[in-house]
Amino acid sequence: MLLAAVLAGGARAEPRHRIVSLNLCTDQLLLQLVPARDIAGLSPLARDCAYSVMCVEARSVPTIRATAEAVVAARPDLVLGGRYASVTALMAARQAGMPVELFDPVERLVDVPDQIVAVANAAGVPARGRELAGAFSSRLTAYPVSAGGGAVPSAVIYAANGFVTRAESLADDMLVRAGFRNAADGLDGRHALAVPLESLLTRPPDLLIVARSDVGTSMAQAMLDHPALRDAFPAPHRLSLPDRMWLCGLPQTLDTLDRLIAARKALEISR
Amino acid sequence: MIDRRDYPLIAALALSVLVMLVLSLAWGDSAVSLPSALRDLMAGRHSVGAIIVGQLRLPRAILGVSIGAALGLCGAVMQGYLRNPLADPGLLGVSGGAALGAVLVFYTGLAGVSALLLPAGGLAGALLAVVLLLGLVGQGGTLVLLLAGAALSSFAAALTAMAMNLMPSPYAAYEVMRWVMGSLTDRTLTDVSISLPGTVAGCLLMLTTARALDALALGDEVAESMGFRLRGLLGIQTRVVVGAAVAVGSCVAVSGAIGFVGLVVPHLLRPLTGHQPSRLLLPSALGGALLLLVADAAVRLLSGATEIQIGVLTALIGAPVFFHRVIAMRRSRA
């Protein structure tokens, strides 16, 4: 018994070989940190190209349903999950004596390297984690600090059903870093999450970023194609970014930042 | 069809519709100067006001008028044809069938192939529902009609909900309400252009039955002896069924199933038109348009963080009328 505990404790630095991840963000980090054979299961969303930038890579790895039964039966040596979803499955895994690590969603770009390192440490591949996090940090610091001077253009991230992204989110931090002001909070105090088309058009931001998943057809997404939006936000004032590019703090998040900065430069040229 | 005695009523209704139409263009979430917006619209300038009035409020107002008129007229015609004051496209499952047809076309992405498939789906659903309804009811009375209608509309609503739960879009399941209760929010001029032709055609077809409805009030034999053909390809039944299905199908395909308009409006106007089915038709269409415009204004006034569906409001107005009918029927039987 004691020996087992010592072995388990000592094995913490050793790479894990049956890792289960129940969260889209840890799914995508794992795929970049550990070899595919060490992953016992990812959440099904990881294979969905609407939400995952690693969807192609995820197809070579098994998926697992986020139910208590499926997780315990997979006999993982590490379970990764988010703080808010699949609560029952994670609790069952913990009760079955499996090591469970929970991660909060990243809300700032500077926190992404920390999360990469934390996931890597949990998976027992700290060296690979430091490598990936270091690359991210050096790429991030290479961006010019968004200059004050002159008017900062405003932007609104507009998603299905008229939902906007407000402050204290990764997407908001990316907007600021790309040199925009998030205008969502100035739009309409009455509506907590969604902003009606009319309010958006009355106080139009310099850039409308349409965030869409493009899965199936729905009225919620059809409103993003409303001709009123098309007329009010012609080419340089409109950027379409798929959902998968915002959802998680990943090395690829900086590609999204590149797109935002390119959109800002296009705006400045058109002025 | 237009009786001279009804001129004041028709004029008053038409004037009210016009006033509400202007109001619904002028009034919304944001303050926009209507005259300057209209000037920009005429000049083809893409100003914010022109976009808001032309692309957001105008389609909504036009659809409010056309759908309200179609539902009101459809209620009046169905009540006249079935000789039953409880007939209503929503209550009898015609709107529900149309919503099912439209949902199947919209969420499978077929509507992306051709916009015309959307009203076609609504029409097919509505037609199926009317044919089923008439087949089920036959010569049965009010009770059979209402039972068949209740069965049809709940069956269609259940199938609609199930179809939407099975669709790939993560938002589909949350939009059941919009189709079952109806909504006019964020409609486009494209929606107007695909819905209006069918709505107008269906209404015109139903209006051709006006004189026959008067004769039918005296019974099938009397109507036939007066020279009205009831069955057959060009018969009254075909015209009512096809007219109602085309009109309701085209409406529901863009707005969802808005209930009770066809029940309430003829019921309120019948005493004012001398209880004569043919005189009821035009006022019912205008009354329906007025009711829907008022309900849509109330939606904008009452909605908080999430929008109230317009069908909720028409049901709130319509259900008490329905209660009143039920009580009146019990009294007359006792």
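Each position is counted from 1, following the chain as shown.
The backbone N, Cα and C atoms fix where each Cβ goes, and this holds for glycine too.
According to TrEMBL, the transmembrane segment annotation covers B:61-78 (among others). Note on the transmembrane segment (B:61-78): residues 17, 21, 24-25, 87-90, 92, 94-95, 184, 187, 191-192, 195-196, 199-200, 202-203, 206-207, 209, 213, 240, 243-244, 247-248, 250-251, 254-255, 258, 261-263, 265-266, 277, 280-281, 284-293, 296 of its chain, located 6 or more positions outside it, place their CB under 8 angstroms from a CB of the stretch.
For B:90-110 (among others), the entry in TrEMBL reads transmembrane segment. Here the transmembrane segment (B:90-110) has Cβ contacts under 8 Å with residues 71, 74, 78, 117-130, 132-133, 145-146, 148-157, 159-160, 163-164, 167, 169, 172, 179-180, 244-245, 248-249, 251-254, 256-263, 322 of the same chain, all six or more residues outside its ends.
The list of residues near the transmembrane segment (B:116-137) in space but at least 6 beyond its ends in sequence, with Cβ under 8 angstroms from a Cβ of it, reads 82, 89, 92-106, 110, 144-145, 148-149, 151-152, 156, 194-195, 198, 237, 241-242, 244-246, 248-254. Sequence annotations record features per position, and here TrEMBL assigns transmembrane segment to B:116-137 (among others).
Look at TrEMBL and you will find B:144-167 (among others) tagged as transmembrane segment.
A Cβ distance under 8 Å defines the sequence-distant neighbours of the transmembrane segment (B:240-268), meaning residues of its chain 6+ beyond its ends; these are 63, 66-68, 70-79, 81, 85-91, 94-96, 98-99, 101-102, 105, 118-119, 121-127, 129-131, 134, 178-184, 187, 191-192, 194-199, 201-206, 209, 280, 284, 287-288, 291-292, 309-311, 314-315, 317-319, 321-322, 325. The transmembrane segment annotation in TrEMBL covers B:240-268 (among others).
Annotation source TrEMBL lists transmembrane segment at B:280-302 (among others). Packing against the transmembrane segment (B:280-302) from elsewhere in the chain are residues 1-2, 6, 9-10, 13-14, 16-17, 20-21, 23-24, 27-29, 60-61, 64-73, 75-77, 80, 184-185, 203, 206-207, 210, 213, 258, 261-262, 264-266, 268-270, 272-273, 308-310, 313-314, 317: each is 6 or more residues past its ends and has a CB under 8 Å from a CB in it.
Summarising the annotation, TrEMBL assigns transmembrane segment to B:308-328 (among others).
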Other parts of the chain folded back onto the transmembrane segment (B:308-328), taken as Cβ under 8 Å at six or more residues beyond its ends:
85-86, 91, 177-178, 180-184, 255-261, 263-264, 267-268, 291-292, 295-296, 298-299, 302
